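Per TrEMBL, active site, nucleophile is recorded for His55. Residues annotated as active site, proton donor in TrEMBL: Asp364. Positions annotated as disulfide bond by TrEMBL: Cys44-Cys415, Cys270-Cys283.
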Amino acid sequence: MSHSVAAVVTDIPSIYTSWGELSVYADNAEDAFGVQYVGLPDGCQVESVSTLQRHAERFPDSVDGAVTGGFAQKVANYSKANGGKEAFTGPLTFLNSHVYILNDTGLLTGRGASTEFSAGASFWNRYGRTLYNASVAQLQYSPTFASNGSARPKVTLRTTGQSRIENSLVNWSLGFFGPSFNSTPDPALTEWESPFRVVVIPEGGTENNTLASYDSCFNDNSDANANIASRLQDAYKRVYLRSALRRLQAYAPRGFTFDYQDLYAMQMTCAYEYSFIGMSDFCSLFTMEDWHGFENVLDLQYYYLYSYGNPTGRAQGIGYLQELMARIRHQFIASSNSSVNATLDDNPTTFPLGQQIYADFSHDDIIISVLTAMSLDYLKDAPTTSKFPPSADNHFTLSRLTPFGANLITEVIGCGASDPEPVERRRVAYAPGQYGYEASNSSYKFVRMRLNNGILPLNTIRGGQCGDATSGRLDGLCALDSFLESQESAFELSNYAFACFGNYTLANSTTGIDYDGTIVQGRDYTRV
């Protein structure tokens, strides 16, 4: 498929939601995942809520940094050897004087801090106001009860020990707890962290950590598992960048030859420069179809590393899913058969129960693996390995699932009826009880989940406990007991011990294999 120069897109906002996991955050429409009735029924109210919050914009990590930095070095080496005798022309003229401004630290950028601040403020506005019965025009969380002025119990927040994750927690907390916009300004932010405590779980070793579960799932980093995605990505780059390679080579100086990896690096540099400084000359070199191909190549990476396309997909998410179930059941976890750290999760200080809000700060791949461990089969929609342009209707699209600042929300909802009438249109909860909710008469409990605001179709959880494609509720609610029942086999399906520590050989595939996110001991996976 050929593209003309006129088809090149230069408007960055029209492309920055096609950058896979590097995309700028944007709320999904509430019906983005097919749930048509998005209002909360009469007599119902959110009683507690958990968020699994991804860090926001960052510098490249060592893997992506090798890609972007490698291309920058290639250009620099050419310029040095050429001595200015030949030059890039046309839209590539900027490469003659481009300065590489990125590093591979993976640190949170200023734009990332802003994204997390907004996420914290939004979480207060959507949930905090009603859960804590906020007064009129109350801007942020109050550490005291309005009724008598006594101190509320501290809210426990959890994070990994990685810098960008901890700093995401800090900036999210500034938005939610609001010390920087108090009615009486306090430039010193005096004791601003007093309403909450932080549990920092180390990342980077071999300790159990559900927020960085790959640390304790050793096969996640095995060559066999990692190569599943890389083979598919390399093959697809040759599919979607073919026309772009011909187009851009025309502006390269004599002796400089682009390859597919160079163009992929240029697209990645666009995303990372924008994440750092909000602008990039690399962003005006590609067509919309090229950007859709870029999205798809990143979708392939995550589907075949962290989801149904990888034998460890379920195992990497099962630990957090166990913690989510434990919180809903109001139970500690005394022993671990997964990435759960039982030392922390059997302790009311580090794993408190009964909080109205829970906030855990983590990574994009953990969100993907949790949804895989749940068997939310709506997302069992493998990205194409050969079609270009890719389908716009694919359900597994990272820009909608895990952009920078993504959040997976689990709402526990109390209702006064066992089967409340679904409400089609969204309506704002301005105050608790506005639509007839009474805590004393709300014995029927439901679960509803959101991903970046979009309501997830829990009736696509395998097994049918929350309904199926033709049954279940129309509004994404699932009776709490049914939701818990839907996850009773989740650990067994993960085959955690063998998936993470077993000795197995996989097929050398360039077409994509459906492992269903797990691997069964004794089955031959070399011929699939």
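Keep in mind that glycine also has a Cβ here, set from the backbone N, Cα and C atoms.
Location within the structure of each feature annotated in TrEMBL.
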residue : record                    : CB count, 10 Å
Cys44   : disulfide bond            : 26
His55   : active site, nucleophile  : 30
Cys270  : disulfide bond            : 26
Cys283  : disulfide bond            : 22
Asp364  : active site, proton donor : 20
Cys415  : disulfide bond            : 24
Q | Pairwise Cα distance for His55 (active site, nucleophile)/Cys270 (disulfide bond) [Å, integer] | A | 19
Q. Whole-number Å distance between the CA of Cys44 (disulfide bond) and the CA of Cys283 (disulfide bond)?
A. 46
Q) Can you tell me how far the Cα of Asp364 (active site, proton donor) sits from the Cα of Cys270 (disulfide bond), in Å? A) 20
Q | Spatial separation of Cys270 (disulfide bond) from Cys415 (disulfide bond) - C-alpha basis, Å | A | 47
